[in-house]
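Enquirer: Below you will find the structure I want to go over with you.
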């Protein structure tokens with residue numbers, strides 16, 4: 001508020017004097033610049049841009065001026081107020097940014113704090129391993145076949161050319177169910193699924209069957225009464241050992257990487273003829289028989305015991321006697337079959353050394369593999 | 001099967017420069033798989049020489065021992081020609097004996113360095129060796145005393161001892177019975193290197209006559225050929241010659257006496273088992289027949305055996321004196337007084353051999369060969385070879401009588417030779433390789449077959465020693481192994497056109513991922529179970545789960561059943577994890593369980609496919625094996641930490657596992673209270689779909705937690721996963737949802753404590769009508785404000801219309817209708 005106009009001269013109102021307006025403006029700008037927080041700036045705004053601030057009061061006086069003087073005074077005050085408001089906005093922006101930055105700094109947390117409120121789950125590597133293998137074959141256009149773990153003796157043995165007195169029946173120490181005259185066993189291999197598949201499907205057949213099998217082995221680091229196999233069966237016109245080799249080489253490469261292939265050795269299985277043992281290029285030394293001990297010294301590979309190969313499974317051309325028992329015309333079709341230990345394959349791939357680790361259920365095993373192999 | 005290389009080489013002219021590894025590589029490629037090569041005397045280094053003991057002074061020692069202070073002539077081997085002074089602790093020699101000496105600087109197996117050293121008051125310059133010290137055997141009765149005609153002192157002793165000789169151990173597949181002999185191995189070596197084979201079975205044998213020991217075969221199906229020869233005047237004390245002893249030791253058979261050793265030796269040489277009787281102990285003619293019910297026999301191993309009417313026995317007038325082809329009897333065994341030896345070589349039915357061996361749990365070298373099949377022409381040859389050796393080393397006389405009975409004795413009556421006819425192109429087609437017809441014929445001729453080619457086919461007449469060759473594909477394998485399995489190319493088959501995973505296979509994977517995603521860890525466990533497990537679950541005595549498929553030969557008599565529930569195994573696994581320090585475990589297992597069906601599975605023939613009816617009958621006899629899912633939650637479900645304290649798993653977490661699966665799979669799972677062991681009777685839910693129950697979930701009974709060593713309040717689930725999967729819709733229907741604004745209303749309802757939330761919720765839904773979008777319980781209150789025996793349930797209702805914004809009046813009306821219906825059906829009173 002201006003003082004009383006003692007010496008009334010409308011042209012010469014004190015607050016509207018140029019010096020006064022400039023002084024008020026400068027005082028405002030100085031105060032704005034000096035405001036160091038949003039709080040201070042708020043006060044500064046009240047003091048210098050509020051309704052009762054000098055410039056606001058000066059503005060109110062303009063109306064009292066003679067019309068001739070209003071324009072100039074209005075311009076002067078308006079300009080000053082504009083400058084103050086602009087400074088206020090700029091300062092506000094700066095202080096807000098500073099405030100925000102400070103807030104963010106204050107809200108800093110230790111991101112290394114533990115975050116595992118809900119423990120992780122996981123799928124067993126035997127499950128995901130079997131899926132991994134199945135997918136290799138599904139990608140080639142094969143299907144996944146299944147069968148029960150408790151199986152008819154005829155399907156587990158007879159249909160596969162293992163007659164009642166076949167010496168191979170004693171090789172596979174079988175869990176028999178009671179009463180014996182019911183002729184039901186815990187399947188000793190996944191091969192009865194071959195028989196089931198041939199009995200229920202028309203050729204051509206391309207199936208793979210991962211699954212659980214049982215033998216009366218004592219339980220130790222390399223033997224288990226329950227273990228897992230993957231069986232493969234292809235029945236088609238013109239199937240040969242070369243196709244078997246091609247398929248297993250592909251399987252080996254997909255499972256263990258480029259450069260890992262198979263080798264066949266003559267063997268004997270009642271359900272295949274010719275039969276072969278399958279060796280795999282040692283995936284540690286990759287067939288070199290020696291590995292770098294870490295200091296440039298080459299030492300004998302421990303995984304393959306310096307042979308460059310490791311035993312992987314058995315395979316062969318499906319014995320025509322099996323085809324006949326399962327209703328496939330051996331004159332028209334031939335086939336191959338193979339069987340590998342999944343547990344063993346998995347141990348190769350993951351470096352596990354004790355088979356029992358897979359079956360004792362320690363969560364640390366499963367969670368180490370997550371949800372896929 | 002162990003085979004000394006030198007023995008193999010007697011029958012095959014292998015090139016001299018061929019190393020043992022080249023030989024075993026080739027034989028492995030042919031199907032005789034190398035197991036190990038043992039080299040006798042491995043680990044011996046330095047001067048090992050023949051020595052002759054000149055003097056041996058016995059010197060008693062303070063420790064009670066007596067040592068020999070010897071001077072030993074070692075020729076010039078010590079560089080001086082002077083006798084060597086050696087202390088020796090053994091006493092089985094006298095001055096003049098030739099012995100084996102290792103001189104200072106030498107090394108014995110186990111890296112035992114020999115040096116001149118002071119011992120027992122003498123400077124002992126070397127060591128007189130025992131067989132054990134040389135790694136040649138376990139016997140350590142003393143040092144090795146060489147025969148007097150051993151080479152002069154100072155000669156390298158290695159050759160004298162036969163050191164450096166390689167013994168190859170093969171893994172012989174059951175079909176290659178012929179390779180259980182030096183004859184068979186040598187034959188494959190010969191074909192492998194295409195060098196001449198000298199058949200040890202090639203010998204002239206005396207013709208059968210009527211003067212031999214009388215033998216009668218009463219069961220020709222069990223024994224079709226029996227040859228008997230006699231040697232009289234045999235010296236039972238004559239020692240077994242060194243070469244036989246050594247070779248038997250090399251193949252892993254203990255030397256017993258000259259007579260027994262010779263029968264074993266010839267068995268390894270030719271592959272035919274042989275039995276020797278003390279003829280003086282025989283009473284009357286030999287008869288071969290099946291055993292009579294109730295007959296007994298004491299076998300060579302001094303075991304009394306109850307005979308089975310299927311067992312083939314060799315008898316004399318006293319009854320059974322041997323288990324034909326498997327093991328001889330004790331009463332007629334040759335001994336240290338036997339002077340007249342009757343040699344039996346008989347051809348037995350392999351199947352009977354196998355059954356008798358299995359029945360009596362007898363495995364013997366003889367049984368192994370007889371049950372796999374031996375060359376049916378060998379009996380007179382093997383018998384003659386045994387007679388020859390008995391005469392040569394036992395000083396006996398071969399009686400001129402030669403007994404040969406049975407159809408196998410004459411070409412007219414014996415089984416004809418096996419012939420196999422195949423398209424000549426079959427081997428090439430099945431192997432998947434280009435092969436000329438000539439190659440096929442040559443391969444078959446190499447194994448001893450006579451081959452005749454006619455047009456596109458060939459007929460192979462199989463040699464008698466290859467009893468394993470019967471089918472066309474057997475010939476394919478022979479061609480394949482000779483051409484080499486390494487020649488088989490790698491070619492992918494051309495046309496698999498599968499349909500991918502089945503729906504059930506996909507869903508099983510999805511279920512596994514869902515559970516893992518919910519923080520559950522999958523485990524794999526054995527399916528074996530026992531009564532104690534069911535007791536610990538608290539199952540009633542007549543519970544259906546106790547009715548398991550029983551194993552005839554379980555690994556543990558405590559767990560004789562195949563499980564009907566996954567819980568016992570899973571609870572044990574959970575307890576194991578807890579005992580290993582896990583504060584919380586959340587486990588799941590998916591596996592099949594088994595429920596017995598009381599039906600016998602038929603055994604069909606294999607000459608044709610079973611008919612559909614037959615197949616159906618077969619499959620119906622197999623136990624029902626549904627796939628189950630079991631879950632156990634024990635201890636902490638969420639961890640404690642800076643965010644707050646840990647949450648313990650509860651019945652609710654267990655039920656949520658099933659609900660979550662239902663949500664994931666698009667199946668409406670209904671939950672109702674139930675009472676079922678092993679769950680807490682007040683905290684157990686039965687879950688169902690379309691009114692069909694498929695499992696239970698909830699908190700375990702406190703006694704069960706205790707019995708299994710689990711934390712209190714542990715919770716579990718077991719459901720039939722096959723059933724759940726069968727309920728999954730083929731396709732999920734796309735949802736239709738409104739984008740109009742939602743209207744929210746909360747209601748608190750007081751109901752009696754025994755009214756279930758599900759009932760109230762269902763009533764609210766029904767009453768609210770189609771405008772209700774969701775209803776969700778968000779609080780439960782029990783206490784003074786709602787009165788004894790009551791509870792207050794707070795529900796959040798969300799309303800939405802498909803086409804418009806709901807007015808406050810519409811929403812309130814729907815809410816009131818919902819509350820009214822709840823009041824009507826459940827007695828609910830709005831708070």
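Every residue, even glycine, has its Cβ placed from backbone N, Cα and C.
Summarising the annotation, TrEMBL assigns Mg(2+) binding site to B:468, B:474, B:477, B:478. Feature annotation from TrEMBL assigns domain 'TRNA-binding' to B:42-158. The feature domain 'B5' is assigned by TrEMBL to B:415-490. According to TrEMBL, the domain 'FDX-ACB' annotation covers B:738-831.
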Enquirer: By DSSP, how many residues in the domain 'B5' (B:415-490) are helix, how many strand, and how many coil?
Expert: 31 helix, 15 strand, 30 coil
Enquirer: Determine the Cβ neighbour count for residue B:477 (Mg(2+) binding site): the number of other Cβ atoms within 10 Å of its Cβ.
Expert: 29
Enquirer: Can you break down the domain 'TRNA-binding' (B:42-158) into helix, strand and coil residue counts using DSSP?
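Expert: Split by secondary structure, the domain 'TRNA-binding' (B:42-158) comes out as 2 helix, 51 strand, 64 coil.
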Enquirer: Using a Cβ cut-off under 8 Å and a sequence separation of 6 or more, which residues in the same chain sit near residue B:474 (Mg(2+) binding site)?
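Expert: Residues satisfying the criterion: B:420, B:468.
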Enquirer: Let me know how many other Cβ atoms fall within 10 Å of the Cβ of residue B:468 (Mg(2+) binding site).
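Expert: Excluding its own Cβ, the number within 10 Å is 19.
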Enquirer: Which chain-mates of residue B:478 (Mg(2+) binding site) that are at least 6 residues away have a CB under 8 A from its CB, listed by sequence?
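Expert: Within the chain, residue B:478 (Mg(2+) binding site) has Cβ neighbours under 8 Å at B:443, B:444, B:447, B:469.
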Enquirer: Express the predicted model's confidence over the domain 'B5' (B:415-490) as a mean pLDDT, rounded to an integer.
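Expert: Averaging the confidence scores along the domain 'B5' (B:415-490) gives 96.
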